[in-house]
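Record features, source Swiss-Prot:
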- 20, 27, 156: xanthine binding site (BINDING)
- 128, 129, 130, 131, 132: 5-phospho-alpha-D-ribose 1-diphosphate binding site (BINDING)
């Protein structure tokens, strides 16, 4: 997605060897016009697949997932990272390691929001090592629902997340694919959408 790549080049900041900071439009402050376009692009791609739910993980996946779900006219569910006393029965959980935060969290979704009839589109802000998507897949499959595809806003193609997910049989479609960081600049691979 050219608009996203241009925004990454303009406002993204490289930290170290493998971190891209995009807090001015995605991971802290949210550019709603960009998120609306991201949602439109994902929805256009998946409109004919019968998606019934969009699932993400808090926090930075919520904005692109909301706009995708809105464009598809289906509910969006986000997995919670913190235990909530109001979520006390029928909870589906998985362990997820965060590459950026370098911590493992138990993420959860109330089972009443997913059913075996659901066809789920996972949307997330970043794909690095695939652990967030893997955890969401475990939760979705605990409910007996089907993962149709995984939509990623920014993929770090130099890490193994895509390979892990595709080898497990899940299609991955990314709007921006980072090939590498070179001389303080992002070098892109051809995106899927």
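Every residue, even glycine, has its Cβ placed from backbone N, Cα and C.
This view paints the features noted in Swiss-Prot onto the structure.
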residue: 20; record: xanthine binding site; Cβ contacts under 8 Å, 6 or more apart: 8, 12, 13, 14, 154, 156, 178, 181, 186
residue: 27; record: xanthine binding site; Cβ contacts under 8 Å, 6 or more apart: 21, 60, 125
residue: 128; record: 5-phospho-alpha-D-ribose 1-diphosphate binding site; Cβ contacts under 8 Å, 6 or more apart: 18, 99, 100, 156, 159, 161
residue: 129; record: 5-phospho-alpha-D-ribose 1-diphosphate binding site; Cβ contacts under 8 Å, 6 or more apart: 97, 99, 159, 160, 161, 164
residue: 130; record: 5-phospho-alpha-D-ribose 1-diphosphate binding site; Cβ contacts under 8 Å, 6 or more apart: 160, 161, 162, 164, 165
residue: 131; record: 5-phospho-alpha-D-ribose 1-diphosphate binding site; Cβ contacts under 8 Å, 6 or more apart: 96, 97, 98, 99, 161
residue: 132; record: 5-phospho-alpha-D-ribose 1-diphosphate binding site; Cβ contacts under 8 Å, 6 or more apart: 57, 61, 96, 98, 124
Secondary-structure category, per DSSP, in which residue 156 (xanthine binding site) falls: strand
Protein Cβ atoms within 10 Å of residue 156 (xanthine binding site), excluding its own: 24
Neighbours of 20, 27, 156 excl. site residues, C-beta within 8 Å of centre, xanthine: 12, 19, 21, 22, 100, 125, 126, 128, 154, 178
Listed in sequence order, residues not in 128, 129, 130, 131, 132 with Cβ within 8 Å of the centre of the 5-phospho-alpha-D-ribose 1-diphosphate site Cβ atoms: 97, 99, 127, 133, 134, 159, 161, 164
Maximal Cα-Cα distance (Å) across residues annotated as binding xanthine, namely 20, 27, 156: 15
